[in-house]
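A quick write-up on the structure given underneath.
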Amino acid sequence: IETTTKLNQIPEYIQKQHKGFREWDFVSSKHDHQTILQILIDGRDTNAVDIEGNPLPTLVYLAREKRPQYHHHFKAGSMNALIRVSSKITNAPIILNVDCDMYSNNSKTIKSSLCIFMDEEKGDEIGYVQFPQCFYNLTKNEIYGSSLRVLLQLEILGFDANGGPSYMGSGCFHRRETLCGKKYEKNYKVDWKKINDKKVSEAASFLEEICKVLASCTFEHNTPWGKEMGLKYGTPVEDMFTGMSIQCNGWKSIYLNPEREGFLGVAPITLLQNLVQDKRWAEGELQLFFSRYCPLLYGHRKIPLKLQLIYSTNKLWAANCLATWYIVVVPCLCLLKGISLFPKISSPWVLPFVYVTFVHRAYSLAEFLWCGGTFRGWCNDQRIWLFKRTTSYLFAFFETILKLLGNSQLNFVVTAKVADEDVSKRYDQELIEFGAASPMFDILATLAMLNLFGSLGASKKATMDADQDSKVLDQFGLQILLCLVLVAINLPVYQALFFRKDNGKMPT
């Protein structure tokens, strides 16, 4: 694997051993090729053992067919092809789904999940067991807020208490039947002994030829795949949609968050990667909310109302951009024009505003620290919260509106997580990477400068006339405080605009 990574291709001596890898020599484009499939290790073969003589599991290499004239449906299409192929080769009742950049960090995850599925009292109603998405490359203070620690350690438990967590697309053990569209029936019972006795008798070469058809472009045509069966098509958040559909079919899910993380992956290490990833998530969620698969419609009388509402809050992430833009822009512009938006500091009516503002932030900080974060990590989390809602969510919101009006096509942007040595070094030093040019950075820079000018304008008003000083602070105190907080949040932006000399600075 290390040699393949360095060469960016499979070594020649490995290619000679496996006909599947050699087929790539005759492929002109990775977007236009036949199904390439080979059973590399047949677990039924008595010679399939490791160096200590222990039996090895079946290992299959699959590259599904892709043709320019057929939509391949991204990750959902890939997963559905794998579900069909595995049903012929092993047909195991439980499927583990992980991303390509993730690895198992806890050997007990399989045993823990099987214990839940095989529980005699409640196990037969569980559709999937979800582990949190954790990352091994986070910095001490989580410069991009990628750990999502409050979401994973607190908010997902709200799902778990009301029918089960959503499917997160990775680190999830599925019951095969649920992915294939089976609805839960009362008194449903699984005979695990009978399932375990099932054996696949066909030869490996015969299975390979059959499975190539299952992974072809045309197999799904006029079938329920992508609609009633498998992962659902038509949205960038196929995982959330698929999980909700499984729950609407009557199944429940379980959230397992062991002390030692079950699976570890790679978090994006540049700001643009993070913003692009969040734009895709928010856009997909909002598309679902405005479709017939809105949780309040699709989940009506199928899942608890509280679970419908929890799903709906996630679906409306992108709409948060409107409120955030108001908070960031309007108070500052009004301050420059001398328009007061809040009660005077000396007025008792200011107390509700002060109470809500400070208690809400204090509660947020306490939550973050309770979940194992640091104070600087919380500050970074607030900064990224603001950056996402003024850029990623803004683009996601308007692109969704355009799609609803028929002016845009569904697209899917893969988040690149490979960076050069300099980028990795700045990431380790907890310097925000602005490096690449992007309209998102134009917005961040503009809003940062607007709040800087607003703060400077207020300071000028307060200092120009000593007699007016107390009046200005009394009338505009909360607005000035808000602008100063926004300036503090945007300090890395000012640094990237004016002071940094490295390649991670804000592009001209």
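Backbone N, Cα and C atoms are what each Cβ position is placed from, and that goes for glycine too.
Just so you know, TrEMBL annotations are computer predictions that nobody has curated.
Look at TrEMBL and you will find Lys75, Asp99 tagged as Mn(2+) binding site. The Cβ of Asp99 (Mn(2+) binding site) has 15 other Cβ atoms within 10 Å, all protein chains considered.
Here TrEMBL flags 316-336 (among others) as transmembrane segment.
Counting only same-chain residues 6+ beyond the ends of the transmembrane segment (434-456), those with a CB under 8 A from a CB of the stretch are 270-272, 275, 328-329, 331-333, 335-336, 387, 390-392, 394-395, 423, 480, 483-484, 486-487, 490, 493-494, 496-497, 503-507. The annotation transmembrane segment is assigned in TrEMBL to 434-456 (among others).
Outside the transmembrane segment (476-499) by six or more residues, the chain places 327-328, 331-332, 334-335, 340-345, 350, 353-354, 382-383, 386, 431-432, 434, 444-445, 447-448, 451-452, 454-455, 458, 461-462, 505-506 with a CB less than 8 A from a CB of the stretch. What TrEMBL records for 476-499 (among others) is transmembrane segment.
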(Q) Among all protein chains shown, how many Cβ atoms are found within 10 Å of the Cβ of Lys75 (Mn(2+) binding site), not counting that one? (A) 18
